[in-house]
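The block underneath contains the structure these notes are about, expressed in structure tokens.
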Amino acid sequence: MDFVAGAIGGGLSTAVGYPLDTVKVRIQTERHYNGIWHCIKETYRTEKVWGFYKGVSASVLTVSVISSVSFGTYKNFLCTICKLRYGAADAKPSKLDVSLAGGAAGAVRVVLMAPSEVAKVRMQTQRNLHPSVASPQPVSKPKYRGSLHCLKVIAKEEGFGGLYKGCSALLCRDCSSSAIYFLTYSALCNWLTPAGKNKPGFLIVLLSGGFAGVLAWGLATPMDVIKSRMQTEGSDQHKYKGLVHCARESVRREGAKVLFKGLGLNCIRAFPVNMVVFVTYEAVLRFTDRY
């Protein structure tokens, strides 16, 4: 049931946070924006509301699957650790146990997530001017007509490896942030739940999930910037030779602050998104337990 609950929570959270995710990706990969508000205004002026939702359909589906795998892997891995260490799957896990299970969930997620992340970033950074925006020259057709078409074009032009661009940065980002994510949520729930109660109330779940998301994304932002930059490169672009080269070149050209582009936006987006993830996850589990 953890897989089903994770899928529902992941799908809903993506729909909630997608517009801010688009703004975040554009700020991280393009230098001509002065800040969050400037990016929002320019995106709306040139592409209207749809500009914020490019690639959202595929993202909702893939995030649902990925969230399902992530929560399912976390729970099963944690039960296995507890069974090996304490002799019972339902034994109380230590902080190290939770962190290891969270890191494992992040690693498994990357294998499934990388192609959809590449397509999402390419779609979000592609310009499609809205018909109402005046342009002196005829608007060319977009290279990618949708998320699936984007994946097909990448596979054709860049090969199978193109679908896994930025995978090293994604792996570093998700293993560490997933460990912090589940550890923070577990610790806050245990700390805020009154003595004698087996499960945290929904307000505690909301707050714990929100703060877990903020902390995880705050720590993940530097790798998130590098991942996005590596993934925007097409077959005709070879700016970066790998993770370290991308980080070094980005810092050389724009200073160390470039690694924290979108930090505020990541944290703002993370709170409501992860509130939705965890409260949906817990609600589905409790509903199925009751009925």
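Cβ atoms are placed via backbone N, Cα and C, with glycine included.
These features come from TrEMBL:
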REPEAT    1-80  repeat 'Solcar'
REPEAT    93-191  repeat 'Solcar'
REPEAT    200-287  repeat 'Solcar'
TRANSMEM  201-220  transmembrane segment
Residues in the repeat 'Solcar' (1-80) per DSSP class, helix first, strand next, coil last, are 70 helix, 0 strand, 10 coil
Mean per-residue pLDDT computed across the repeat 'Solcar' (1-80): 80
